[in-house]
Amino acid sequence: MGLNLLPIEMDDIRKRLDREPNEIEWRVIDAVWSEHCSYKSSKIFLKSFSIDSPNVIMGIKDWQDAGAVDIGDGWAIVIKVESHNHPSAIDPFNGAATGVGGIIRDIISKGAKPIALMDMIRVGNLKIRKNVWLLKNIIAGIAAYGNSIGVPVVGGELSFDDTYNDNPLVDVAAIGIVRKDKIKPSIVDKAGLKLVLAGLTGIDGLGGASFASRKLSGEDEIGAVQIADPFAGKIILDITLEIADKVEAIKDLGGGGLAVAVTEMANGLGAIVDIEKIPLRVKNMNPADVIISETQERMLYAVEEKNVEEVCKAFEEYEYPCSVIGEITSEPIIKFRYFGKDLVSLPTNALLEPPKFLWPIKNVRKNVEEKNVDLPLESTIYTVLSHPDLVSKEWVYSQFDYEVNTSTVVKPGDANGAVVSLPNGKLLAIKVDGNPDLCSEDAYECGKGIVAEAYRNLATVGARGMVAVDHLQFGDPKKPEVYYTFVEAIRGIGEATRFFNIPIVGGKVSFYNENSQGKPIKPTPLIVMAGLVQGKLLKNRVEDSSYVVLLGYTRKELGGSLLSKIFKVPSQAPKVRLQEDLLSSEVVIDAINEEKITFAKDISRGGLAASLFNIIVHGYGVEISTKSILSDTDNVVENLFSESSGRFVILTNEPEWIVEKSRSKGIVASIIGKVNKKTSILTIDNTDYDLKTIVNNYFNFLEEVIGNG
């Protein structure tokens with residue numbers, strides 16, 4: 001049957017049922033109990049993310065399709081992150097496009113209007129033509145769906161590493177807006193409701209949940225990839241929001257198809273589904289395939305009988321298929337019937353409570369012998385600043401209609417965080433962060449670090465983080481060294497979110513990100529954080545003669561840094577000092593509201609040098625004195641490329657104000673230089689380094705690589 005179930009799981013369900021499941025029931029169990037849908041190897045740890053907060057309307061405890069947070073004035077935001085890694089490795093266009101469609105449906109399942117998307121893409125070395133092909137088609141798929149459906153892509157991340165050569169990561173986050181008293185659940189609490197299905201069911205995406213719960217085999221798996229139809233998605237979006245007041249619950253048909261959607265919506269009650277009533281795209285489909293098909297652009301609604309006609313009429317006006325396929329029952333049994341014959345009859349609780357697994361762990365944290373960095377400064381600057389991770393992503397943003405709906409306040413690439421306007425007049429900043437290189441060195445510090453970095457990034461536009469979702473992407477959890485990094489990353493994320501008092505209201509776990517030889521990707525957890533602008537919004541601008549202020553203390557911590565990755569520098573990973581991140585962020589927010597700064601950039605990937613380069617690409621030069629850097633090392637390379645947390649580069653005309661404000665908060669700040677009109681020149685300790693070639697590479701690298709790919 002090609003099941004992913006372990007022998008222990010098969011024995012477990014036999015004991016619970018006191019019988020042997022039939023072949024179709026095995027396929028249903030395989031889908032519902034898949035790692036993709038059940039979180040059986042992670043759920044016990046995810047509970048540690050729960051933070052009681054008066055602003056949380058729907059959180060991780062609720063375990064629904066998206067999280068929701070009160071933002072005041074009767075409004076709430078809905079937030080979700082998802083991935084389509086395995087499908088994008090096989091069919092990058094449809095894999096990425098359906099990832100966008102799926103997360104939009106998660107947002108509208110709460111009755112919320114999607115207002116922003118963010119994409120996080122990681123692919124392999126662009127010297128390999130296949131990776132160029134993957135990137136082009138991933139971007140094209142995201143653009144095709146987002147642009148067609150009218151939801152702006154406002155920002156994201158794009159990075160490159162050999163670890164993703166066979167296993168690209170494609171993550172999409174979405175934000176929606178809804179009146180908080182209009183939020184819809186994805187589950188029901190009473191029997192007698194009719195199950196209404198909108199959309200056609202086809203043979204695409206068969207076994208997609210199971211496909212996403214195993215490593216890529218290198219075999220023909222195209223049948224497990226869903227096909228995107230953004231125009232149908234637009235119909236689903238508009239009508240779902242139109243009829244939201246007429247339905248009791250809404251659920252997207254994602255992984256596992258109807259098998260999972262019906263079971264989860266029933267929420268401990270039961271359901272009867274008549275398969276012959278399901279509208280089909282392909283005639284004479286096998287009933288078992290109908291149950292687990294993951295055809296896109298479908299939604300399931302639980303509807304009072306008196307409202308069914310009105311709900312279906314809304315779809316009929318668009319000639320979009322809509323049918324009553326069953327009902328919620330008081331008997332806690334999930335039944336799929338075909339012309340009156342039971343094909344599936346399984347207890348709801350048995351499906352919703354798969355065996356939970358705690359796998360062995362093996363400590364892989366590295367003990368590194370520190371050595372002095374002895375690298376030539378000039379060539380090191382040129383090499384690091386030329387890395388593809390640091391180049392402009394304008395080629396990507398140009399594919400997206402990021403100003404559709406006119407809610408985008410800060411365009412992609414113009415700041416460290418995206419900013420959108422809300423109906424209550426407030427501004428919402430959004431940022432995503434990940435650091436797989438640091439996670440490879442120390443997953444615990446990485447977990448703390450990505451939360452802290454997202455918090456700092458929001459501060460650079462004047463926002464304070466208030467809510468987050470996470471996405472945890474790892475290899476096979478049964479491998480002790482993989483499971484160790486997973487557990488450690490969760491420990492770090494949990495510690496940091498509790499410190500900042502930021503509730504994680506949802507997320508995603510993606511295991512089995514491995515190639516056909518079983519080599520796992522670098523551990524790649526992500527944090528998507530959102531927060532309200534606290535007063536004034538900072539839109540970065542560079543002015544001649546501005547002072548360059550370095551906020552925070554620099555340490556000789558090069559492990560997991562871009563410098564270490566390129567030059568194999570042995571060094572300890574940075575210790576994330578959350579108090580320093582918090583205090584330095586507060587200084588930045590205060591300075592923005594007092595209009596004391598014109599530019600703020602957190603120091604992360606590429607260190608201080610990369611942040612200074614971010615000033616230079618605006619058409620200016622920068623001169624600094626490394627002797628002014630407050631640090632535990634006098635090595636110039638270490639000071640320029642350390643990725644110690646808690647630091648910012650600030651441009652100001654009142655540097656002493658920044659220094660004094662920092663001192664009052666208990667952190668350090670130093671005036672290290674000035675901006676000048678020497679275009680593309682970085683002056684370090686009175687020596688000029690001409691970066692014209694690097695600046696040209698910054699603006700043109702992606703277009704040239706993609707154009708030649």
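Heads up, the Cβ atoms here are built off N, Cα and C, so glycines get one too.
Site annotation (Swiss-Prot, ligand ATP) includes TYR39, LYS80, GLY507; from ASP11, ASP470, ASP476, ASP544, the additional listed residue is ASP470. Residues SER83, HIS84, ASN85, HIS86, ARG105, GLN226, GLU294, THR295, GLN296 are recorded by Swiss-Prot as substrate binders, and the candidate that the same record lists for that site, out of SER510, SER516, SER545, is SER510.
Among the binding-site residues GLU82, ARG105, GLU294, the ones whose Cα sits within 10 Å of the Cα of ASP470 (ATP binding site) are GLU82, in sequence order. On a Cα basis, ARG105 (substrate binding site) lies 6 Å away from ASP252 (Mg(2+) 2 binding site). TYR39 (ATP binding site) carries neither a helix nor a strand DSSP state and counts as coil. Under the three-state DSSP scheme, SER83 (substrate binding site) falls in the strand class. Among the recorded positions HIS36, TYR39, ARG105, GLN296, GLY507, the ones whose Cα is located within 10 Å of the Cα of GLU82 (Mg(2+) 1 binding site) are GLY507. Here the Cα atom of ASN85 (substrate binding site) is found 12 Å from that of HIS36 (active site). Sequence-distant contacts (6 or more apart, same chain, Cβ under 8 Å) of ARG105 (substrate binding site) comprise GLY233, ILE236, LEU237, THR240, ASP252, GLY254, MET299. Among the record's ATP binders, TYR39, LYS80, ASP470, GLY507, no two C-alpha atoms are more than 16 Å apart, and one pair sits at exactly that spread.
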